[in-house]
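Colleague: Supplied in structure tokens, the structure appears directly below.
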Amino acid sequence: MLLAGSLHGALAQALPWHITSAQLRITPGGTLDRLPPQLALPATGEGWQDTPLPMVVPRHVTPDEVGSGHIETVWVKLALPAASAAAATSEPLYLYAPRWQTVGRLTVYADGEQLWQSRGGPVWNGYNYPLWIALGHAPRDIVIRIDVMGQVGAALSSVRIGTREDLFWRFAVRSFLQTQFPYLSSGGLLAVGIFSLLVWLRRRDETRYLLCFLAAGAYFLHTLQYLVGQDPLPIPEAWFSWLAFNSIAWLILACYLFIFRYLGLRYRRLETALYGSVVFLATSTLPLSWLTHVVFLYPLSQLLLVGLNLVVSIAALRAAWRAGSREAMTFSAWNAMSTPIALHDLLLQNYRIDIESIYLLSYLGCVQLLLFMILMYRRYISALDEVAQANANLSLRLAQREAELLESHRQLRDVERRETLTRERQRLLQDMHDGLGSSLISALRMVEKDASGTARADDIAQVLRECIDDLKLTIDSLEPVSTDLLLLLATLRYRLGSRLEAAGISLAWEVDDIPPLQWLGAQSALHILRILQEVFTNVLKHSRATAIRVQTCRDDDAVLVRVHDNGTPFSPAGTPPAHGGRGLANMQRRASALDAAVSWQPDASGTWFTLRLPVAPVTASLDAPGNGLVP
């Protein structure tokens, strides 16, 4: 295509110049190859027509009007008196045009020399980039050539010529609106989409995050069509066209599925129709040789997309209205706005409105993705509020359960305290009955049987001393008991020391450090005291000893308490049951209750008594009723 323009009366105008008219000529035999650097105008000078700028060569969209391989050239010519232009300013001049568009190639010449040529392919040729060409000195004429494929038409905006200071701000604003903003917004929203994908990979049940990623990816693919063309594409143009077109269908699908899932709805028939339409568009626009050329299908398929979007928009608005969701209503209303915006872009693409307008669908997609983010943000905040409320309810229930547990523990402690008091009371009653009571009954019977009153006073005194010792041991067992066996033995030494001294028996204390007995309690302490009391009583009554030695030591997993007297050797095996009484049997039973063992070893100097106590806790419940034994 070739465009040429002329300025009339420019000599009287000050820079910058706004060119709104040109001369137009259309010739056959164009080419899409690289052109030589020198301008080659048509041989004949006839056929030039005046045309206003912006200029449009209409598009034909019926199949029989799309010429197979036919390329025509559109020339537009503009003439400038060199002397007047040079006198206007000494600064370098630039050419600025907001937009040009066609399926083909554009080349700009000044004074017959090529200044600029589009570098992309014929379809994606950088049409959305505004022209900014350095002219240098003021040229005498400017010729723009546009080579057009078939009869798809062409368009060129008005042209401005001036200094950089005059025009660059216009170029910068236009470049930002047409290319830079879509580039930045699509890149940023793609990053948000990738983040949503990572969230979905961890939470597969949250399909809204996946839909957000799919929408961001579709928007990014759609936006690429406004950014390419400065360099050749890495893939065939036909396939890139297929991606650019179908991406808007994928964006519609993802957005409306997101709305329905956000509202917790499923319209099976509508969604099936939506899926079917997207698949139909994707297959019917495949760039295959047996399908109609994409140049023809592209605008017609856009009409189908507009109708599809209108139907689904109505369904989404109705669903949001029924659900009473303001967020979904806002999102659906903005999606519905895509219908008139898509019509605007379709008209702009087909040169039906001012070519200097801006494609708006990229802005619509940006706002759609921002609404995506807002909805996901509100969903996130709602989830945090739900978690906070759940934590508050959990804390309240935990406090209630804690209060109930404390009350239950208090009641349990009361029950345990009552049971402990009951067991201790039963133990004391049984111990006083079996120990002190038995001794008092023995003293009473001794006096009752002695009708003549000749009973020995020392015998009665001995019985009473035993009663007192029993009472003292019972009282000692009421004291808090530690796990220190040596402290318990010291108590026994204190209680029996005076009796041994009165009997003329010396007491030698030979104790070593021993480990604590964690199982030592009130009942077990009383068992140990009773066993050792029986040993000392037997020495006093039967052995005629003059010295007693008490030793303690560690033996593997046990503690040994050994008592040696220098009296008559004693062996339980050689003692008749009639003389052994109940004392030895009670000692055995008490030792068994402690998981302990008692033994006697006579030798030449007397008798060794050994009480073997386990270091590990005893298995029996020593404080349970029924473990009290008769002395």
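Even glycines carry a Cβ here, placed using N, Cα and C.
Note that this is a predicted model, so its numbers are computed, not measured.
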Colleague: For which of the residue intervals 82-100, 272-290 does TrEMBL record transmembrane segment?
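Modeller: TrEMBL lists transmembrane segment for residues 272-290.
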Colleague: Answer yes if the transmembrane segment (181-201) and the transmembrane segment (272-290) have at least three CB pairs under 8 Å among residue pairs 6 or more apart in sequence, and no otherwise.
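Modeller: By the criterion, they do not touch.
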Colleague: What parts of the chain pack near the transmembrane segment (272-290), using Cβ distances under 8 Å and only residues at least 6 beyond its ends?
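Modeller: Hits for the transmembrane segment (272-290): 236, 238-239, 241-242, 245-246, 249-250, 252-253, 256-257, 297-298, 301, 304-305, 308, 312.
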Colleague: What are the DSSP helix/strand/coil residue counts across the domain 'Histidine kinase/HSP90-like ATPase' (523-617)?
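Modeller: The breakdown for the domain 'Histidine kinase/HSP90-like ATPase' (523-617) reads 39 helix, 33 strand, 23 coil.
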Colleague: By Cβ distance under 8 Å, which residues at least 6 away from the ends of the coiled coil (384-418) in the same chain are close to it?
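Modeller: Contacts of the coiled coil (384-418) (Cβ under 8 Å, skipping residues fewer than 6 from its ends): none.
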Colleague: At a C-beta cut-off of under 8 Å, are there same-chain residues at least 6 beyond the transmembrane segment (239-260) that contact it? List them, or none.
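Modeller: Contacts of the transmembrane segment (239-260) (Cβ under 8 Å, skipping residues fewer than 6 from its ends): 123-124, 208, 211-212, 214-215, 217-219, 221-222, 224-225, 228, 233, 266-267, 271, 274-275, 277-278, 281-282, 285-287, 294, 298, 301-302, 305, 308-309, 312, 315-316, 319-320, 328, 331-332, 335, 338, 342, 361, 365, 368, 372, 375.
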Colleague: Which sequence-distant residues neighbour the transmembrane segment (358-377)? Criterion: at least 6 residues beyond either end, Cβ under 8 Å.
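Modeller: Residues packing against the transmembrane segment (358-377) from afar: 128, 177-178, 181-182, 185-186, 189, 192-193, 196, 208-209, 212, 215-216, 219, 222-223, 226, 248, 251, 255, 258, 262, 327-328, 330-331, 334-335, 337-338, 341-342, 344-345, 348.
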